[in-house]
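Accompanying notes for the structure given below.
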Amino acid sequence: MNPKKIAAEEAVKLVEDGMIIGLGTGSTAYWAIERIGQRVKEGLRIQSVATSKRSEEQARRLGIPIIPLEDIERIDLTIDGADEADGDRNLIKGGGGALLREKIIATHSKRLVIVADESKTVDTLGRFPLPVEIVSFGANLTLLRLTALEGHPHIRMEGDRPYVTDNGNWIADCRFEAIADAPRLERELNLIPGVVENGLFIGMASSVYVGHADGSVTVQ
Ligand SMILES: O=C[C@H](O)[C@H](O)[C@H](O)COP(=O)(O)O
């Protein structure tokens, strides 16, 4: 039993005919997209928007209808993964670099359902390095501000070059270890010029589907 797969497949039971679905990014959201693809082949009628180029390619390969964001006014349900989820369903996201598109889609979704295995559940957010998307211009100065917040930032690398997001930006991974006041940190980070968005998703998730090794799924 793959806990990520069973959590994702359970969440896909929420998808109904006529919905506009936000497709998440990552190794857990992957299974949700696969299952949605199967259901589309069986006759499910939905439209979707993707949170990354990777997920869009997967959806197109599976025949899931993708619509441009400019053409929609609502998203009914988004199913996405997370790097950490606390007991209040606050999240760290962006381990796969998709946080900006994910946050835009999540903000405009009537429901954000998170799918994860139990390794992602935590008491306090922050052990997973918090991804912060920054513009490359003046990145060294932006890093100084992140350091002043005790974020111990490191530019994410891909080989010997900075990793570049779907939006052409860089990611600074920040080690806060334990984030005592996540709403405040989210605001402080986004006030830094050069920061585009950060991976704290506070009060956004409607539910978290957690897959366990014994094949069960619990919903928080
Ligand atoms: O940028 C990536 C996303 O936020 C992912 O949803 C997150 O990193 C979790 O990915 P995974 O399911 O692969 O652990």
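Each residue, glycine too, has its Cβ placed from N, Cα and C.
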Worksheet entry | Residue in Lys110, Lys120 which TrEMBL records at the substrate site where Thr25, Gly26, Ser27, Thr28, Asp80, Gly81, Ala82, Asp83, Lys93, Gly94, Gly95, Gly96 also bind | Lys120
Response to the item:
binding-site residues considered: Thr25, Ser27; fewest surrounding Cβ atoms within 10 Å belongs to Ser27
Worksheet, complete the sentence: Same-chain residues at least 6 apart in sequence with Cβ under 8 Å of the Cβ of Gly95 (substrate binding site), in sequence order, are Gly26, Asp83, Phe128, Pro131, Gly199
Practice prompt. Would you list the other residues of this chain near substrate - those whose C-beta lies within 8 angstroms of the C-beta centroid of Thr25, Gly26, Ser27, Thr28, Asp80, Gly81, Ala82, Asp83, Lys93, Gly94, Gly95, Gly96, Lys120 - in sequence order?
Written response: Gly24, Ala29, Ala98, Ala116
Practice prompt. Give me the non-local Cβ neighbours of Glu102 (active site, proton acceptor): same chain, 6+ apart in sequence, Cβ-Cβ under 8 Å, ordered along the sequence.
Written response: Gly24, Thr25, Thr51, Ser52, Asp80, Lys93, Gly94, Phe201
